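Here the structure comes first, spelled out in structure tokens, and everything after it is commentary.
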């Protein structure tokens, strides 16, 4: 007997974007250089090389990326708080879900 397809919950497009880690900021900044230095490397291999390079950094070299990560975390927490407040106040944050739209249509 085939499994029934799970209905996944639609993600609200207005949900704040998650905060990035210090390593992600490092990866974004260094991926292109790593790609030119290793032109035959696959995406996964580049990730491994970036991870190895990240582990070799001193705490002083990591600091700018960690600062960016702290600032991004503050941004995320601020935006998430605003988003949660809007939800609690009943403000619409995006398109209505299918069940909510069906219920609204049924009431009319």
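Backbone N, Cα and C define each Cβ position, glycine as well.
Taken from Swiss-Prot, the feature DNA-binding region applies to 16-84, supported by sequence analysis. Look at Swiss-Prot and you will find 61-85 tagged as compositional bias 'Basic and acidic residues'. Annotated compositional bias 'Low complexity' per Swiss-Prot: 96-108, in sequence order. Under the heading region 'Disordered', Swiss-Prot lists 1-20, 61-108.
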Same-chain residues at least 6 beyond the ends of the compositional bias 'Basic and acidic residues' (61-85) whose Cβ lies under 8 Å from its Cβ atoms: 14-26, 29, 54, 93
Within the DNA-binding region (16-84), residues counted as helix, strand or coil by DSSP: 56 helix, 0 strand, 13 coil
